[in-house]
Amino acid sequence: MALFCRFRRRGNDDTVVHFAPNPLRLLAKSHQHGSSASLEDLVKTRCPSLFTPFETTFYLNSGHVQTFYSLYPGLFATDKVWYRRQHIRLIDGGTLGLDFTPIDEKLPDETPIIVVLPGLTGGSYEPYVKAILARVITPVNRGGLGYRAVVVNHRGCGGVPVTSPTFYTAGETEDIRQALIYLSYKFPRAQLHGLGFSLGANHVTRYIAEEGENSRLWSACALANPWDFHANSDALDASFIGHNVYHRALGTNIQNLVLRHQKALAINHPGHPMVEAVNRAVNLKYPHLKAFDCAFTRHVGGRPGWKGKGLYFPFISVGDYYDYVSSHRMVNDIKVPYLGINSADDPIVQLVPTFTNGHGNPYVVMTLTAGGGHLGWFKDASGDRWTTKPVLEWLRMLVDDIHWESDVQRGERIFVDSEGWIREPGTSHLGCKEVEGGGLIDGNRGESGVFQGL
(Lines of atoms letter the chains of each structure in order from A and count residues from 1; the text may use other names and numbers.)
(Lines give C-alpha, C1' and ligand atoms only; values in the text may rest on other atoms or scores of the structure.)
Protein backbone atom coordinates (compact mmCIF):
# COMPACT_ATOMS: atom_id res chain seq x y z
CA MET A 1 0.00 0.00 0.00
CA ALA A 2 1.39 3.40 -0.95
CA LEU A 3 1.11 6.20 1.55
CA PHE A 4 1.37 9.67 0.03
CA CYS A 5 3.60 12.12 1.85
CA ARG A 6 4.92 15.63 1.47
CA PHE A 7 8.63 15.94 2.24
CA ARG A 8 10.66 19.00 3.11
CA ARG A 9 14.41 19.34 3.15
CA ARG A 10 15.98 19.39 6.61
CA GLY A 11 19.64 20.38 6.50
CA ASN A 12 22.02 17.59 5.45
CA ASP A 13 19.64 14.70 5.96
CA ASP A 14 20.77 11.29 4.81
CA THR A 15 19.32 9.63 1.76
CA VAL A 16 16.34 7.44 2.66
CA VAL A 17 16.21 4.06 0.91
CA HIS A 18 13.15 1.89 1.50
CA PHE A 19 12.84 -1.84 0.85
CA ALA A 20 9.82 -4.07 1.28
CA PRO A 21 9.79 -6.23 4.44
CA ASN A 22 10.27 -9.32 2.26
CA PRO A 23 12.33 -8.19 -0.73
CA LEU A 24 12.53 -10.10 -3.97
CA ARG A 25 15.08 -12.89 -4.05
CA LEU A 26 17.32 -13.19 -7.11
CA LEU A 27 20.01 -15.62 -8.20
CA ALA A 28 23.35 -13.87 -7.78
CA LYS A 29 26.21 -14.95 -10.03
CA SER A 30 28.68 -14.49 -7.19
CA HIS A 31 26.87 -16.93 -4.90
CA GLN A 32 27.93 -20.55 -4.97
CA HIS A 33 25.63 -23.42 -5.92
CA GLY A 34 23.03 -21.07 -7.37
CA SER A 35 21.92 -19.67 -4.02
CA SER A 36 19.73 -16.60 -4.01
CA ALA A 37 20.15 -13.19 -2.43
CA SER A 38 17.54 -10.62 -1.54
CA LEU A 39 17.19 -7.49 -3.65
CA GLU A 40 17.96 -5.51 -0.50
CA ASP A 41 21.27 -7.30 0.09
CA LEU A 42 22.26 -6.98 -3.56
CA VAL A 43 21.52 -3.27 -3.66
CA LYS A 44 23.38 -2.64 -0.40
CA THR A 45 26.49 -4.40 -1.68
CA ARG A 46 26.39 -3.48 -5.38
CA CYS A 47 24.94 0.04 -5.21
CA PRO A 48 26.80 1.77 -2.35
CA SER A 49 26.41 5.23 -3.89
CA LEU A 50 22.64 5.01 -3.44
CA PHE A 51 23.10 5.27 0.33
CA THR A 52 25.33 8.35 0.30
CA PRO A 53 23.81 11.72 1.21
CA PHE A 54 23.24 14.26 -1.52
CA GLU A 55 25.70 17.09 -0.93
CA THR A 56 26.17 20.22 -2.98
CA THR A 57 27.83 23.62 -2.86
CA PHE A 58 26.22 26.47 -0.93
CA TYR A 59 25.04 28.29 -4.06
CA LEU A 60 23.16 25.21 -5.31
CA ASN A 61 21.69 24.34 -1.91
CA SER A 62 18.04 24.86 -2.92
CA GLY A 63 15.52 22.87 -4.88
CA HIS A 64 14.62 25.96 -6.90
CA VAL A 65 18.25 26.71 -7.78
CA GLN A 66 18.89 23.06 -8.66
CA THR A 67 15.87 23.06 -10.96
CA PHE A 68 16.67 26.39 -12.63
CA TYR A 69 20.29 25.35 -13.11
CA SER A 70 19.19 22.31 -15.09
CA LEU A 71 17.47 24.61 -17.61
CA TYR A 72 20.81 25.96 -18.85
CA PRO A 73 22.55 23.02 -20.53
CA GLY A 74 25.29 25.22 -21.96
CA LEU A 75 26.73 25.54 -18.46
CA PHE A 76 27.67 21.86 -18.35
CA ALA A 77 27.90 20.61 -21.94
CA THR A 78 30.64 18.12 -21.11
CA ASP A 79 28.83 14.85 -21.86
CA LYS A 80 29.04 14.40 -25.63
CA VAL A 81 26.74 11.80 -27.13
CA TRP A 82 25.94 11.17 -30.79
CA TYR A 83 23.05 9.03 -31.96
CA ARG A 84 21.84 7.23 -35.04
CA ARG A 85 18.10 7.71 -35.43
CA GLN A 86 15.64 5.17 -36.76
CA HIS A 87 12.11 6.36 -37.48
CA ILE A 88 9.39 3.78 -36.96
CA ARG A 89 5.88 4.24 -38.31
CA LEU A 90 3.08 3.13 -36.01
CA ILE A 91 -0.05 1.43 -37.20
CA ASP A 92 -2.15 4.56 -36.53
CA GLY A 93 0.12 6.59 -38.81
CA GLY A 94 2.21 8.19 -36.08
CA THR A 95 6.01 8.24 -35.95
CA LEU A 96 8.54 7.64 -33.19
CA GLY A 97 12.25 8.44 -33.32
CA LEU A 98 14.55 5.85 -31.76
CA ASP A 99 18.01 7.30 -31.14
CA PHE A 100 20.65 4.57 -30.79
CA THR A 101 24.08 5.02 -29.29
CA PRO A 102 26.98 4.33 -29.66
CA ILE A 103 27.04 4.94 -33.40
CA ASP A 104 30.48 3.59 -34.28
CA GLU A 105 30.73 0.36 -32.28
CA LYS A 106 30.07 -3.13 -33.57
CA LEU A 107 28.49 -4.50 -30.43
CA PRO A 108 27.27 -8.10 -30.16
CA ASP A 109 23.54 -8.60 -30.65
CA GLU A 110 23.17 -9.71 -27.02
CA THR A 111 24.60 -6.44 -25.64
CA PRO A 112 22.15 -5.08 -23.02
CA ILE A 113 20.09 -2.09 -24.13
CA ILE A 114 19.13 0.78 -21.83
CA VAL A 115 15.77 2.12 -23.05
CA VAL A 116 15.45 5.79 -22.11
CA LEU A 117 12.21 7.78 -21.81
CA PRO A 118 12.82 11.55 -21.43
CA GLY A 119 10.75 14.18 -19.66
CA LEU A 120 8.06 16.55 -20.93
CA THR A 121 8.90 17.69 -24.51
CA GLY A 122 12.37 16.19 -23.99
CA GLY A 123 14.59 14.18 -26.27
CA SER A 124 17.96 12.51 -26.55
CA TYR A 125 19.73 15.88 -26.31
CA GLU A 126 18.72 16.40 -22.66
CA PRO A 127 21.75 16.87 -20.37
CA TYR A 128 20.24 14.60 -17.69
CA VAL A 129 20.01 11.84 -20.32
CA LYS A 130 23.55 12.30 -21.60
CA ALA A 131 25.02 12.45 -18.09
CA ILE A 132 24.17 8.77 -17.69
CA LEU A 133 24.34 7.51 -21.28
CA ALA A 134 27.82 8.92 -21.87
CA ARG A 135 29.01 6.45 -19.23
CA VAL A 136 26.64 3.64 -20.19
CA ILE A 137 28.09 3.44 -23.72
CA THR A 138 31.75 3.94 -22.77
CA PRO A 139 33.64 0.63 -23.23
CA VAL A 140 34.45 -1.36 -20.11
CA ASN A 141 38.20 -0.94 -20.64
CA ARG A 142 37.68 2.82 -20.38
CA GLY A 143 35.62 2.69 -17.20
CA GLY A 144 32.12 2.49 -18.66
CA LEU A 145 29.46 -0.20 -18.84
CA GLY A 146 29.88 -1.02 -22.52
CA TYR A 147 26.13 -1.27 -23.18
CA ARG A 148 23.93 -0.03 -26.00
CA ALA A 149 21.27 2.62 -25.35
CA VAL A 150 18.24 3.93 -27.20
CA VAL A 151 16.24 7.06 -26.44
CA VAL A 152 12.56 6.88 -27.39
CA ASN A 153 11.60 10.31 -28.75
CA HIS A 154 7.85 10.86 -28.63
CA ARG A 155 5.70 12.07 -31.50
CA GLY A 156 6.77 15.63 -32.29
CA CYS A 157 9.66 15.70 -29.80
CA GLY A 158 13.37 16.01 -30.51
CA GLY A 159 12.83 16.69 -34.21
CA VAL A 160 10.51 13.72 -34.79
CA PRO A 161 7.76 14.60 -37.29
CA VAL A 162 4.06 14.45 -36.47
CA THR A 163 2.41 12.24 -39.09
CA SER A 164 -1.03 11.59 -37.60
CA PRO A 165 -3.66 13.52 -35.59
CA THR A 166 -2.49 11.87 -32.37
CA PHE A 167 -0.16 13.31 -29.74
CA TYR A 168 1.43 11.82 -26.64
CA THR A 169 0.25 12.19 -23.04
CA ALA A 170 1.47 11.88 -19.47
CA GLY A 171 0.24 8.33 -19.07
CA GLU A 172 0.20 6.92 -22.59
CA THR A 173 2.02 3.59 -22.85
CA GLU A 174 0.93 2.27 -26.25
CA ASP A 175 3.78 4.02 -28.06
CA ILE A 176 6.25 2.57 -25.57
CA ARG A 177 4.85 -0.90 -26.22
CA GLN A 178 5.37 -0.46 -29.94
CA ALA A 179 8.93 0.78 -29.45
CA LEU A 180 9.67 -2.25 -27.26
CA ILE A 181 8.09 -4.61 -29.79
CA TYR A 182 10.46 -3.17 -32.39
CA LEU A 183 13.50 -3.45 -30.11
CA SER A 184 12.63 -7.03 -29.15
CA TYR A 185 12.30 -7.89 -32.84
CA LYS A 186 15.55 -6.15 -33.78
CA PHE A 187 17.58 -7.44 -30.81
CA PRO A 188 15.90 -10.67 -29.65
CA ARG A 189 18.92 -11.73 -27.56
CA ALA A 190 19.37 -8.45 -25.69
CA GLN A 191 18.13 -7.58 -22.22
CA LEU A 192 16.07 -4.36 -22.19
CA HIS A 193 16.31 -2.20 -19.07
CA GLY A 194 14.17 0.93 -18.67
CA LEU A 195 15.33 4.37 -17.52
CA GLY A 196 12.78 7.17 -17.22
CA PHE A 197 13.06 10.83 -16.28
CA SER A 198 10.16 12.92 -14.92
CA LEU A 199 7.28 12.34 -17.35
CA GLY A 200 9.25 9.43 -18.80
CA ALA A 201 9.56 8.02 -15.28
CA ASN A 202 5.78 7.98 -15.07
CA HIS A 203 5.62 6.29 -18.47
CA VAL A 204 8.04 3.52 -17.57
CA THR A 205 6.34 2.96 -14.19
CA ARG A 206 2.92 2.67 -15.77
CA TYR A 207 4.18 0.37 -18.51
CA ILE A 208 5.83 -2.21 -16.25
CA ALA A 209 2.87 -2.10 -13.84
CA GLU A 210 0.37 -2.65 -16.64
CA GLU A 211 2.39 -5.49 -18.13
CA GLY A 212 3.30 -7.21 -14.87
CA GLU A 213 5.20 -10.43 -15.56
CA ASN A 214 4.84 -9.86 -19.33
CA SER A 215 6.94 -6.70 -19.31
CA ARG A 216 9.50 -6.58 -22.11
CA LEU A 217 11.68 -4.52 -19.77
CA TRP A 218 13.75 -6.64 -17.41
CA SER A 219 13.96 -3.79 -14.90
CA ALA A 220 13.22 -0.08 -14.59
CA CYS A 221 14.71 2.98 -12.92
CA ALA A 222 12.56 6.10 -12.51
CA LEU A 223 13.99 9.52 -11.63
CA ALA A 224 11.78 12.41 -10.46
CA ASN A 225 8.52 10.60 -11.24
CA PRO A 226 5.54 13.00 -10.77
CA TRP A 227 3.53 10.04 -9.38
CA ASP A 228 0.20 11.71 -8.52
CA PHE A 229 -0.52 14.37 -11.15
CA HIS A 230 -3.64 15.63 -9.41
CA ALA A 231 -2.04 16.10 -5.99
CA ASN A 232 1.19 17.58 -7.33
CA SER A 233 -0.68 19.92 -9.67
CA ASP A 234 -2.72 21.20 -6.72
CA ALA A 235 0.48 21.59 -4.68
CA LEU A 236 2.02 23.72 -7.45
CA ASP A 237 -1.07 25.91 -7.60
CA ALA A 238 -0.90 26.50 -3.85
CA SER A 239 2.19 28.72 -4.11
CA PHE A 240 2.93 31.86 -6.12
CA ILE A 241 6.12 30.51 -7.69
CA GLY A 242 4.55 27.12 -8.32
CA HIS A 243 1.56 28.57 -10.15
CA ASN A 244 3.23 31.46 -11.96
CA VAL A 245 6.66 30.00 -12.73
CA TYR A 246 6.70 26.19 -12.83
CA HIS A 247 3.13 25.55 -13.94
CA ARG A 248 3.35 28.20 -16.65
CA ALA A 249 6.76 27.01 -17.82
CA LEU A 250 5.43 23.47 -18.22
CA GLY A 251 2.25 24.62 -19.93
CA THR A 252 4.01 27.01 -22.30
CA ASN A 253 6.56 24.31 -23.12
CA ILE A 254 3.98 21.84 -24.36
CA GLN A 255 1.94 24.61 -26.02
CA ASN A 256 4.99 25.64 -28.06
CA LEU A 257 5.37 22.05 -29.20
CA VAL A 258 1.74 21.93 -30.37
CA LEU A 259 2.21 25.27 -32.16
CA ARG A 260 5.20 23.84 -33.99
CA HIS A 261 3.14 20.90 -35.22
CA GLN A 262 -0.19 22.70 -35.66
CA LYS A 263 -0.42 21.96 -39.37
CA ALA A 264 0.38 18.27 -39.03
CA LEU A 265 -1.98 17.80 -36.08
CA ALA A 266 -5.01 19.78 -37.21
CA ILE A 267 -4.83 21.62 -40.53
CA ASN A 268 -4.12 18.41 -42.43
CA HIS A 269 -7.07 16.65 -40.76
CA PRO A 270 -10.24 18.75 -41.21
CA GLY A 271 -13.20 17.46 -39.24
CA HIS A 272 -11.05 15.55 -36.76
CA PRO A 273 -11.60 16.36 -33.04
CA MET A 274 -7.94 17.36 -32.93
CA VAL A 275 -8.73 20.51 -34.94
CA GLU A 276 -10.91 22.04 -32.22
CA ALA A 277 -8.51 20.96 -29.48
CA VAL A 278 -5.50 22.50 -31.22
CA ASN A 279 -7.39 25.75 -31.78
CA ARG A 280 -8.22 25.93 -28.08
CA ALA A 281 -4.64 25.15 -27.08
CA VAL A 282 -2.85 27.63 -29.34
CA ASN A 283 -5.15 30.48 -28.30
CA LEU A 284 -4.28 30.16 -24.61
CA LYS A 285 -2.16 33.01 -23.25
CA TYR A 286 0.87 31.77 -21.31
CA PRO A 287 -1.07 28.79 -19.95
CA HIS A 288 -0.15 26.83 -16.89
CA LEU A 289 -0.07 23.09 -17.46
CA LYS A 290 -3.49 22.38 -15.98
CA ALA A 291 -5.13 24.93 -18.31
CA PHE A 292 -3.40 23.38 -21.30
CA ASP A 293 -4.38 19.85 -20.31
CA CYS A 294 -7.97 21.00 -19.74
CA ALA A 295 -8.15 22.61 -23.19
CA PHE A 296 -6.24 19.98 -25.12
CA THR A 297 -4.88 16.77 -23.62
CA ARG A 298 -7.96 15.47 -21.81
CA HIS A 299 -9.88 15.61 -25.09
CA VAL A 300 -7.53 14.12 -27.68
CA GLY A 301 -4.64 12.48 -25.89
CA GLY A 302 -5.46 8.96 -27.02
CA ARG A 303 -7.86 6.70 -28.86
CA PRO A 304 -11.46 7.69 -28.04
CA GLY A 305 -13.27 5.25 -25.79
CA TRP A 306 -10.32 2.88 -25.30
CA LYS A 307 -10.53 1.44 -21.78
CA GLY A 308 -7.89 -1.25 -21.98
CA LYS A 309 -4.21 -0.72 -21.29
CA GLY A 310 -4.34 2.65 -23.00
CA LEU A 311 -6.25 5.77 -22.01
CA TYR A 312 -9.92 6.66 -22.03
CA PHE A 313 -10.66 9.81 -24.01
CA PRO A 314 -12.27 12.28 -23.81
CA PHE A 315 -12.19 12.73 -20.03
CA ILE A 316 -14.96 14.72 -18.36
CA SER A 317 -12.48 16.86 -16.43
CA VAL A 318 -8.76 17.45 -16.21
CA GLY A 319 -8.93 16.02 -12.69
CA ASP A 320 -10.26 12.73 -14.04
CA TYR A 321 -7.47 12.72 -16.62
CA TYR A 322 -4.82 13.35 -13.95
CA ASP A 323 -6.21 10.62 -11.73
CA TYR A 324 -6.09 8.13 -14.58
CA VAL A 325 -2.58 8.84 -15.88
CA SER A 326 -0.92 8.87 -12.45
CA SER A 327 1.26 5.94 -11.44
CA HIS A 328 1.28 6.05 -7.63
CA ARG A 329 -1.57 3.55 -7.30
CA MET A 330 0.14 1.07 -9.64
CA VAL A 331 3.28 0.34 -7.63
CA ASN A 332 1.96 -2.93 -6.25
CA ASP A 333 1.52 -4.26 -9.80
CA ILE A 334 5.23 -3.99 -10.67
CA LYS A 335 6.81 -7.41 -11.28
CA VAL A 336 10.37 -6.50 -12.32
CA PRO A 337 13.16 -4.94 -10.20
CA TYR A 338 12.38 -1.24 -9.86
CA LEU A 339 14.33 1.70 -8.45
CA GLY A 340 12.58 5.01 -7.86
CA ILE A 341 14.54 8.14 -6.92
CA ASN A 342 12.94 11.43 -5.89
CA SER A 343 14.17 14.56 -4.16
CA ALA A 344 12.60 15.98 -1.00
CA ASP A 345 13.03 19.57 -2.22
CA ASP A 346 11.69 19.02 -5.74
CA PRO A 347 9.50 22.10 -6.35
CA ILE A 348 7.53 20.35 -9.12
CA VAL A 349 7.02 16.94 -7.46
CA GLN A 350 6.23 17.87 -3.88
CA LEU A 351 4.43 14.68 -2.91
CA VAL A 352 5.83 11.20 -3.41
CA PRO A 353 4.66 7.76 -2.24
CA THR A 354 6.44 6.02 0.57
CA PHE A 355 5.86 2.67 2.23
CA THR A 356 5.51 2.24 5.97
CA ASN A 357 3.94 -0.08 8.51
CA GLY A 358 5.11 -3.25 6.82
CA HIS A 359 3.80 -2.50 3.36
CA GLY A 360 5.70 -2.63 0.10
CA ASN A 361 6.21 -4.43 -3.18
CA PRO A 362 9.17 -6.87 -2.98
CA TYR A 363 10.33 -5.77 -6.45
CA VAL A 364 10.49 -2.08 -5.53
CA VAL A 365 13.24 0.07 -4.02
CA MET A 366 12.20 3.65 -3.21
CA THR A 367 14.80 6.36 -2.60
CA LEU A 368 14.43 9.92 -1.37
CA THR A 369 17.33 12.36 -1.29
CA ALA A 370 17.29 15.43 0.94
CA GLY A 371 17.99 17.74 -2.00
CA GLY A 372 18.42 17.85 -5.74
CA GLY A 373 15.42 19.76 -7.05
CA HIS A 374 13.67 18.47 -10.16
CA LEU A 375 16.09 16.45 -12.30
CA GLY A 376 19.00 18.41 -10.88
CA TRP A 377 21.02 16.62 -8.20
CA PHE A 378 24.03 18.79 -9.13
CA LYS A 379 26.96 18.28 -6.78
CA ASP A 380 28.71 21.42 -8.02
CA ALA A 381 28.79 23.87 -10.92
CA SER A 382 30.59 21.41 -13.19
CA GLY A 383 27.36 19.55 -13.90
CA ASP A 384 28.36 16.39 -12.03
CA ARG A 385 25.15 14.81 -10.73
CA TRP A 386 24.65 12.68 -7.63
CA THR A 387 22.26 10.36 -9.49
CA THR A 388 24.77 9.22 -12.10
CA LYS A 389 26.69 6.72 -9.95
CA PRO A 390 23.68 5.06 -8.27
CA VAL A 391 21.94 4.57 -11.62
CA LEU A 392 25.07 3.10 -13.22
CA GLU A 393 25.59 0.79 -10.24
CA TRP A 394 21.96 -0.32 -10.43
CA LEU A 395 22.23 -1.13 -14.13
CA ARG A 396 25.55 -2.94 -13.71
CA MET A 397 24.12 -5.01 -10.85
CA LEU A 398 21.13 -6.15 -12.90
CA VAL A 399 23.16 -7.02 -15.98
CA ASP A 400 26.41 -8.34 -14.53
CA ASP A 401 25.49 -9.71 -11.10
CA ILE A 402 22.11 -11.38 -11.60
CA HIS A 403 21.62 -14.84 -13.04
CA TRP A 404 18.25 -14.54 -14.72
CA GLU A 405 16.13 -17.68 -14.94
CA SER A 406 15.94 -17.30 -18.70
CA ASP A 407 17.82 -15.29 -21.28
CA VAL A 408 15.03 -15.58 -23.81
CA GLN A 409 12.95 -12.65 -24.94
CA ARG A 410 10.35 -11.38 -22.48
CA GLY A 411 6.74 -10.75 -23.45
CA GLU A 412 4.56 -12.24 -26.17
CA ARG A 413 6.11 -13.66 -29.31
CA ILE A 414 6.60 -11.25 -32.20
CA PHE A 415 5.67 -11.76 -35.84
CA VAL A 416 5.65 -9.76 -39.07
CA ASP A 417 2.30 -9.70 -40.85
CA SER A 418 1.65 -9.78 -44.58
CA GLU A 419 1.90 -5.98 -44.82
CA GLY A 420 5.25 -5.80 -43.06
CA TRP A 421 3.99 -4.64 -39.64
CA ILE A 422 5.96 -5.93 -36.65
CA ARG A 423 3.33 -7.09 -34.17
CA GLU A 424 2.44 -9.27 -31.22
CA PRO A 425 -0.68 -11.47 -30.88
CA GLY A 426 -3.87 -10.02 -29.47
CA THR A 427 -3.07 -6.35 -30.09
CA SER A 428 -4.60 -5.49 -33.45
CA HIS A 429 -4.21 -1.76 -32.77
CA LEU A 430 -0.43 -2.05 -32.25
CA GLY A 431 2.26 -2.49 -34.85
CA CYS A 432 5.28 -0.75 -36.30
CA LYS A 433 7.68 -0.80 -39.22
CA GLU A 434 10.87 1.00 -40.19
CA VAL A 435 10.52 4.06 -42.42
CA GLU A 436 12.99 6.43 -43.99
CA GLY A 437 14.32 9.41 -42.09
CA GLY A 438 16.51 9.84 -39.08
CA GLY A 439 20.22 9.42 -39.67
CA LEU A 440 23.05 10.84 -37.60
CA ILE A 441 21.87 12.99 -34.67
CA ASP A 442 24.08 15.44 -32.81
CA GLY A 443 22.80 15.03 -29.28
CA ASN A 444 24.79 18.05 -28.13
CA ARG A 445 22.85 20.76 -29.98
CA GLY A 446 19.54 20.74 -28.12
CA GLU A 447 16.22 21.90 -29.54
CA SER A 448 14.99 25.46 -29.93
CA GLY A 449 11.62 26.67 -28.68
CA VAL A 450 11.34 24.43 -25.62
CA PHE A 451 12.92 24.41 -22.18
CA GLN A 452 15.47 21.69 -21.62
CA GLY A 453 15.88 19.98 -18.28
CA LEU A 454 12.20 19.40 -17.45
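Just so you know, glycine gets a Cβ as well, placed from its N, Cα and C.
Taken from TrEMBL, the feature active site, charge relay system covers S198 (among others). According to its DSSP assignment, S198 (active site, charge relay system) is coil. All protein chains considered, the CB of S198 (active site, charge relay system) has 26 other CB atoms within 10 Å.
Secondary structure at D346 (active site, charge relay system), as computed by DSSP, is coil. Annotated active site, charge relay system per TrEMBL: D346 (among others), in sequence order.
H374 (active site, charge relay system) falls outside any helix or strand according to DSSP and counts as coil. Around H374 (active site, charge relay system), a 10 Å sphere centred on its CB holds 28 further CB atoms from the protein chains shown. Per TrEMBL, the feature active site, charge relay system maps to H374 (among others).
According to TrEMBL, the domain 'AB hydrolase-1' annotation covers 112-235.
For the pair formed by S198 (active site, charge relay system) and H374 (active site, charge relay system), distance between Cα atoms is given as 8 Å, rounded to the nearest Å. Rounded to a whole value, the Cα-Cα separation of D346 (active site, charge relay system) and H374 (active site, charge relay system) is 5 Å. Remark: secondary structure over the domain 'AB hydrolase-1' (112-235) totals 49 helix, 22 strand, 53 coil, with classes taken from DSSP. Averaged over the domain 'AB hydrolase-1' (112-235), the predicted model has a pLDDT of 95.
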